[in-house]
Every structure is written in structure tokens, then in C-alpha cells.
Amino acid sequence: MATSNTPTKKRDTWGSKLGFVMAAAGSAVGLGNIWKFPYTAGESGGGAFVAIYLVFVIFIGFSVMLTEFAIGRRAAVSAASAFKSTDRRWTFVGVIGVVSGLLIMGFYPVVGGWSIAYIFKVSTGLLNTPEAIGDSFGGFISNPVQPLMWMGLYLLLNVFIVVKGISGGIEKAGKILMPLLFAILILVAVKGLSLPGASAGLEFLFKPDFSKVDSSVVLAAMGQAFFSLSLGMGCMMTYGSYLKKKENLVQTTAMVTAMDTGVAILAGVAMFPAMFAFNMEPSAGPGLVFVVVPQLFAEMGGLIGLMLALLFFVGLSVAALTSSVSLLEVVVSYLIDEKGMKRRTAVISSSIFMAMLCVFSSLSLGGVGPTLFDTGAFDIFDLLTDKIFLAVGGMLICIFAGWRLNRSDLEKEITNDGEISFPLFGLWYNLVKFVIPAAIAIVAFTGIKAGFDSGKGEIMLIGVGIIGIAALLSKKL
Ligand code: PHE
């Protein structure tokens, strides 16, 4: 199928139903699940964070994803154009989504690059000296040059896939490689659980201690839910715009949410028991998976350990790729639909911009480059997107669906003109119209307030300011 988005031609659609579910799950399952979820859970006290995260996934994540699919399929254009064609005052929500895509791609490829680098590090003897694995990671990410080269390679892979277009590139990659990753994770988890002392890790992950919870933990859990499910920035909307009219949106949403959450929990089970067995700190930070997993396989030793470690980082790199291509696609489809660019030009120009942001992010980890309120570029991009833009974006998408769109149009879209029954429609509608916007507003407000103690509140507030300005300029966007 050719990739063409000119309004006169029929828009591309996904080759098959499984193809769509796998591609949407491919977008959702990524570094967010395997790299971010375990270390955020570790830093946020474990079980209670995980419990709150699950509540957000079920009550907010599911509903927001269904909303994005419905709006996207109904409009059949990129996110910003979907808002614009209904009401120009709402264009900013789509544009903020594009900005989120750019900013997430300002740090995601850095970590994606680490993952590819680890394929090579593992094959060139990283596992031979288990005691040096931790220091080796620290030395690697703070090196000014090496990580940049890997990041560059990672971004090039993205460019290649996205230039090829929807069903050609993304769908095929997702179909083959997602199940492989799942299998490797199960193996890692089984190995971790077999170590002596591993049960303390399970307890840490699943036994909630709510005394450790404050508003920053709640905001972190909400941000994690949005980030992991690829919500709040029009990504699932854009994917939905390529979806055929006869597919069952509710079922698709349930499958994608379940897969994404399953992989995150599995990644937790793969990592924490091993960490406790190795006497490592659960709050080890962003290096967690790059230290624990190699250590685990070094422990295993021999050719099997080596092969599994290799497969793990291949799988992680692929999972990261199927997510970052979806981020790039949001920006690219905006440039195609709204700015009339050719696909190739759109991909190349946006990736050059992303590469520049990534240079700042990567250098900031070695303490080089500009800071804002004592925070480096990597953390700024993460804070702005994960904590503010995605959640507030999700809130605005819900308000748009609940208050600007027609209830009966939404019902028609979700039930495929009455062909599919969705008995919970009323519940979903009321969640989207009232409960979710209010819940997000409260969590964001209290979370930003708590963030002032650690110096992060200021940056999150700037994020809110940017959204406000975009809203005011909406008609000009
Ligand atoms: N969900 C992806 C992950 O977990 C990241 C992502 C966020 C992708 C937002 C698209 C949109 O890695």
C-alpha cells in the first residue's frame, strides 16, 4: 500500500486488524515499560506506586486511549488537523502534542542509543567483569562523544522506517519483534526469580506501603501511565486515523492496554527480585536496566548468559524503535497534513531538530550544557512531557470529546454505527466528560506544588504556561 496523505486520495489504512493492534502495542510498549517503569517504581517506593499506577491505567488510561482512537478514526487526519477541522480554538491541543513528540524525541533516542550500544558492549566482553558493570554504565553515559554516536545511529534507523511509511515499515517490524521481546522478558524474570533472596524484590514491587506516598508519587504514577500508553499527545489519535471503520475500538483498546501493562509489570518482575538478590539499591535511577540485566546474565555465565543478554538488548532496542517511530510519525503527519510537506522532507527536517535536542540531553548527563533551575536538558524534557504535557494533553482531549463533540457521534463511532455493543458507554462518557479532567487537574496541581520542594515545580509550571500561551494563540496555529 502506498503512503499518501493528500486529501483527495483515500487515506492509508492498516493492512490487518492484528497489524493495527501490534503497531499500537508497539508504540505503547517501549523504553517506558522496560527502562522507565522499573526505575521510577524503584525511586517512588515500589508497591504503592505500582498500585496507584494500575488504578490510573484502568480508570484513566483505558478511557483516554478509547477517546483518542475514536476521535482519530472519525477525523481520519493527523491529530492537529482533527482538532482544527472541528474548532480552530482547539488546534493548540494538537500542536502541544506535536511539541511533546519533539521533546520526547529529545531524550528517547539517547536511551535508545544506549540500548543499541549495549548490544555491542555485551558482545565485546561486558559480562566478563561483573563487578565493573555499574561503573561502566556511569562512565559510558557521561562520556561526551560515544553516546552521541549511538544516538545518531538510533535516529537514522527511525528515519529509515518512517520514510517507508505506515504499513510497509512499522507494521512488519511490530508483528515479528514484539512476541520475541515478550519471550525474552519471561526468561529474564524466571532467571531473576530463581536467585536466592529474590522474594524480597517481589514484596517490594507488590506490597504497597502507602505511607511512602505523597503528591509527587501520585503525579509520577499518572505521568508514567500516560507515557507508557503513548497517550495525551495525539499519537494514538494519529494511529487511529489509519484504522478501518469496521474494527472494534473497545476491544483494540483493551488489548493494547493489557499488553502494555503486562510488559511493564513483567519488566518489574524481571528486575527487582534480581536487584534484591544482588543487594542493589532499588533507587538506582535511569541506569537500572543497563546494570541489573547484564549483571544477571553475567551471573548466569557461559554462552547462554551471553546469548540471552544479547537477545535482551536486541529486543529492548526494537521495542524502543517501534515506540519512537510512532513519536516521529506524530510530528511527520502534522507536517504533511498541515504544512504540505513531502513525507521525506518532513521526516528529515524533524529528525535533525530532534538530534539537536538529543545532543543537549546526552551532554547534560555528563554535567555539560545549559541548566534551568539546576536541571539539565534530559530531565527538563522528561519533566515537561511526562509530568505535564501528556497528562494535561489527555485532560484537554477528554474535555474536547466530552464538551465539544456530540455524544451521539461518539457513540456511533465507538459502536460502529450500532453494530458493536458497548454497555459501558455511559460510564466511559461520564468518566471522560467529568471525572478524568477533574482528577488530572487535581493530581497535576498538587504534584506541581509538591515539586517546588525539589526544584522541579518551577519547570512544570513553565510547562503549564506554555500550554496556556498555545491556547491563547490557538487560532493562529
Ligand atoms: N509509550 C512509549 C514507551 O513506553 C513512549 C511514547 C510516549 C510513545 C508517547 C508515543 C507517545 O516507551
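The backbone N, Cα and C atoms fix where each Cβ goes, glycine too.
Under the heading transmembrane segment, TrEMBL lists 18-35, 47-71, 92-120, 148-166, 178-198, 218-242, 254-278, 303-336, 348-368, 388-406, 427-448, 454-473.
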Within-chain partners of the transmembrane segment (148-166) [C-beta distance under 8 Å, separation at least 6 from its ends]: 1-3, 12, 14, 109-110, 112-117, 173, 242, 317, 320-321, 324-325, 328-329, 332, 343-344, 347-348, 351, 354-355, 358-359, 362
Contact ranking winner - 47-71, 178-198, 303-336, 348-368, 454-473 against the transmembrane segment (427-448), Cβ under 8 Å: 47-71
Stretch in 92-120, 178-198, 303-336 most in contact with the transmembrane segment (18-35), if contact is a CB pair under 8 A: 303-336
Range from 92-120, 218-242, 348-368 with the greatest count of C-beta pairs under 8 A to the transmembrane segment (388-406): 218-242
